[in-house]
Amino acid sequence: MLLSGLLFVLICDIDRVLGASVYKSPNLDDARHWKRTAENYLKQVLSYDENRRMKPSVAKNVIIFVGDGMGIASLSTGRIYKGQRAGRSGEEEQLSFDTFPNTGMSKTYNTDRQVPDSAGTATAMFSGIKTRYGVVGADYTITETNLEAAKVPSFMEWAQEEGKRTGIVTTTRITHATPAACYAHTINRNYECGAKIPVGMKSRIKDIARQLVEDEPGRNMNVILGGGRNCFGAPVPDHLKSEYRFNGAMEKPCLRTDGRNLVTDWQQLKNGTKAQYAWKTADLRAVALDEVDHLLGLFADDHMSYDTIRNRDEDGEPSLSEMTEAAIRVLQRPGSAGFALMVEGGRIDHAHHQNHAHLALAEVVELDRAVETALKLVDLDETLIIVTADHSHAMTFNGYPDRGNDILGFGNRPNATAYETITYANGPGFLQHRWNDTLLTEDADWGTWVKVGQLNRSDITYRHLSAFPLGDETHGGEDVAVFAAGPGASLVRGTFEQNYIAYVMSFAGCMGPAKRLNVACDDEFRLEFNQSSGAAGSHPAAIITPSPPPPVLR
């Protein structure tokens, strides 16, 4: 402990010494800058294909899957975990989106942080505007007094303006940072319910749950599925709560103190329409999905349970893949203008924050299953599917384990000091591991120190080793992967700023700021193209998308 204390002091001293040399961004970093950056990269990518004679195409539907915290290490280990759960070696396994025809890399930093948070990254992906750490749906100029001026619209608003149906699905609270960036605008991602807003600001800022129910585009959404009943003032009996209690900053709910039940308010606003509320699996399965126009499902008081421990009974919580199927069936309507859907595997992130690698990898596999479900339900000739992460985590895939070795096991060679194949740079796992009889001298809240041979590595609450003690493990700052299939998938290539993803959806889906750049969005152009047997296909602004073979479903 003395060594770790000295290390902490040394790091702080170095930080103070180097603090004066921190460089500021050379750009203004306002909304205009990020719009210009994304549009320029889009034009650059289009220029690669301007001489190829391809059929211009439009994505009637757009689905973006976000694995929260699903960095490259999570993808690689999750893929192996998937194979090993099925009794195979694992290394040769494929995730459903591994076969997508286009991939790229996304730079995830916020305007004020090298390593980002989910609020700033989700705002970038969904609005095309990078912003500050902790800010939702607004550019970096936001203050406590200029919220309206700093607001930026999301792709959900763009879609609704084109008459598309819209929806969000998540395993977190529906008011959490990633889903909130689809519909909310706030200076602080923690303002999920009014209780978290400072007294002096309550008259100026509306909490995220209220924005979803009362404001556009949230109030117009056709599907809202996730957790977070507490934020809406609609709790359920204690007997439905999980027997497991997880710690960490991500597990702190927001309890309404204004006495309102926003679920009741939502039902009243939808009175006279085909609307339904669900709070357990049986409710969701009873919904006439092909007929209902509006579906609200809140399946947990706080975040939904990790898939590993999820109650699979009728009174329990549906899986991410089941919610994804329900959402697509509600959104797909014959003769409609199409739909836009965001699906988040949000608990990958939370498991990593607490060094629960085994829970995180199971969440990666469930997100993979949700993507596979979507591929079976939609037509890739008219649906753009993007799979990505908002950021990475401080997790490493290391050592020299033999092929087929348990991905959650030890990575050392025989007779060497034992260490795990998956470890973390920081987090609470530090204090669950020790190599000698040194007595615990830190606050007992950190955890229980036991010898490595006494650890129950199969326990739900087991934490993988971290190198530095923190109550919550941190995010990672490296680039994350972006996978794409369907119309507009060819726009995903190279290494780009994260806000470019919104412009891919905008251009391909004929909605929002990049619609004007896509001549294929013009009905007259498409009619002329079809009549001229492809002569117009070389137009530089048309989507250049060869028809790929459908991904292999497993």
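Even glycines carry a Cβ here, placed using N, Cα and C.
Remember, TrEMBL labels are computer predictions, not curated facts.
According to TrEMBL:
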- Asp68, Asp390, His391, His475: Zn(2+) 2 binding site (BINDING)
- Asp68, His176, Thr178, Glu344: Mg(2+) binding site (BINDING)
- Ser118: active site, phosphoserine intermediate (ACT_SITE)
- Asp349, His353: Zn(2+) 1 binding site (BINDING)
Exercise for the section: List the same-chain residues at least 6 positions away in sequence whose Cβ sits under 8 Å from the Cβ of His353 (Zn(2+) 1 binding site), in sequence order, or say none. Expected result: Gly69, Gly248, Ala249, Met250, His393, Gly427, Asp472, Glu473
Fill in the blank from the handout: Rounded Cα distance, in Å, between His176 (Mg(2+) binding site) and Ser118 (active site, phosphoserine intermediate) is 9
Exercise for the section: Write out the long-range same-chain contacts of Thr178 (Mg(2+) binding site), meaning residues 6 or more apart in sequence whose Cβ is under 8 Å from its Cβ. Expected result: Val66, Asp68, Ser118, Ala122, Thr170, Thr172, Met342, Glu344, Gly346, Asp390
Practice task
Return the residue, from the listed binding-site residues Asp68, Asp390, with the maximum count of other C-beta atoms within 10 angstroms of its C-beta.
Solution key: Asp390
Fill in the blank from the handout: Lowest 10 Å Cβ neighbour count of the binding-site residues His176, His391, His475 is held by His475
Handout entry: Spatial separation of His475 (Zn(2+) 2 binding site) from Asp349 (Zn(2+) 1 binding site) - C-alpha basis, Å
Key = 9
Practice task
Please report the number of other Cβ atoms within 10 Å of the Cβ of Ser118 (active site, phosphoserine intermediate).
Solution key: 28
Completion exercise
Students should find that the Cβ of Asp349 (Zn(2+) 1 binding site) has, within 10 Å, a number of other Cβ atoms equal to 29
Practice task
Within 10 Å of the Cβ of Glu344 (Mg(2+) binding site), how many other Cβ atoms can you find? Include all protein chains, please.
Solution key: 30
